[in-house]
Amino acid sequence: MKKHRVVVGLSGGVDSAVTAHLLKQQGHEVVGIFMKNWEDDDDSEFCSSRQDFLDAASVADVIGIEIEHVNFAAEYKDRVFAEFLREYQAGRTPNPDVLCNAEIKFKAFLDHAMRLGAEKIATGHYARVRQNPATGLFELLKGLDPSKDQSYFLHRLNQAQLSKTLFPVGELHKTEVRRIAADIGLPNAKKKDSTGICFIGERPFREFLNRYIQHAPGPILDDRGRKLGRHVGLSFYTLGQRQGLGIGGVKEKGAGAKAPSGQPVRGAGDHAPWFVARKELETNTLRVVQGHEHPWLLSHRLDAQDASWIAGHPPAAGACAAKTRYRQQDAACTVLAAQGDAFNLQFPEAQWAVTPGQSAVLYDGEVCLGGGVIAAVNG
């Protein structure tokens, strides 16, 4: 194996720590970088970047590598957070982690690493990279641990980025990663995995969003136009949402609910839960339906835009598989058309709560082909 100078993104978590250890064990020259992507609020009790850096520094000390603290907060605000706010203001539900990977971790961080003389970068993502011997193209593969696979969040990476990237823990299961961390005495071996959006931390999402987006309360209507309550602002809701609707105690209003066809809704009735089905920006109305299988929650087709293809070109029309949300099982689909930065997918089985703003990511078996942002859905 050729030895490289590798710059590892050390987050303070166990996955990136084991990544650095494995690479050093393989004989590479390893340097760690801690990326600060969000400026802590002066009085915030939620942001943990200071502690994360201390954890990363402790890891670097145990492994025996240098670590540098680099601030990418300005780049993050311009390239990721601004788009995040625009999408919410437009009534969509964005996925900032996808954009963060493409613009910060594999662009700003990669550029910085190259200036340091790195030949490769590495992160603790659960994914794999290989070079196809027939085409010479680099491919992004799912991580071997299906419960931790993060290829969905990496689908916007291009050939140049993948050619410089290593994902050592993508070849392992999470249990193996924690075992390795414990065996070599890493101080963060039992550290809890990070969850949620990095710049929000553990604070309530509604509280955070309320600081940046103007909102207007409005009516909550069911599929027959009956008023069930008031929402606090459309930006605070997403399709398929069940919790936090504030319409408990109105179960009798859904009894006998029917689909637009006039047929009773399966699962609707006195005790069926309510779900967000539509956000009508023109009238500032939140539409909810009762029952998990309500037709308004199901769709067979989606249109996507702002597509990015790992091979540099869209896949041919035909059979494929796709995810429309993280941790979803691959769903069989047909690529109806894929031209430029737009594509259309048709699903033989109805998909539940497909959400504009989220990513539709295509797969050919274990190979991630790329994807785009869901723009519209159709029944």
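Including glycine, each Cβ sits where the backbone N, Cα and C put it.
These numbers come from a predicted model, not from an experiment.
The active site, nucleophile annotation in Swiss-Prot covers CYS100 and rests on sequence analysis.
Here Swiss-Prot flags CYS198 as active site, cysteine persulfide intermediate.
Marked as ATP binding site by Swiss-Prot on the basis of sequence analysis: GLY9, LEU10, SER11, GLY12, GLY13, VAL14, ASP15, SER16, MET35, GLY124. In sequence order, GLY124, HIS125, TYR126, VAL169, VAL177 are the residues of the chain that are 6 or more apart from ASP15 (ATP binding site) and have a CB within less than 8 Å of its CB.
For CYS100-CYS198, the entry in Swiss-Prot reads disulfide bond. In three-state terms derived from DSSP, CYS100 (active site, nucleophile) belongs to a helical segment.
The feature site 'Interaction with tRNA' is assigned by Swiss-Prot to HIS125 (among others). With a 10 A radius on its CB, HIS125 (site 'Interaction with tRNA') counts 25 other CB atoms from all the protein chains. Secondary structure at HIS125 (site 'Interaction with tRNA'), as computed by DSSP, is coil.
The site 'Interaction with tRNA' annotation in Swiss-Prot covers GLN358 (among others) and is backed by sequence analysis. Within 10 Å of the C-beta of GLN358 (site 'Interaction with tRNA') we count 25 further C-beta atoms, all protein chains included. The secondary structure of GLN358 (site 'Interaction with tRNA'), as reduced to three states from DSSP, is extended strand.
The two recorded residues CYS100 (active site, nucleophile) and MET35 (ATP binding site) have their Cα atoms spaced 12 Å from each other. Between the alpha carbons (Cα) of GLN358 (site 'Interaction with tRNA') and GLY13 (ATP binding site) lies a span of roughly 26 Å. A C-beta separation below 8 Å, combined with a sequence spacing of at least six in one chain, links GLY9 (ATP binding site) to SER16, GLY32, ILE33, PHE34, MET35, LYS105, PHE109, ILE121, ALA122, THR123, GLY124.
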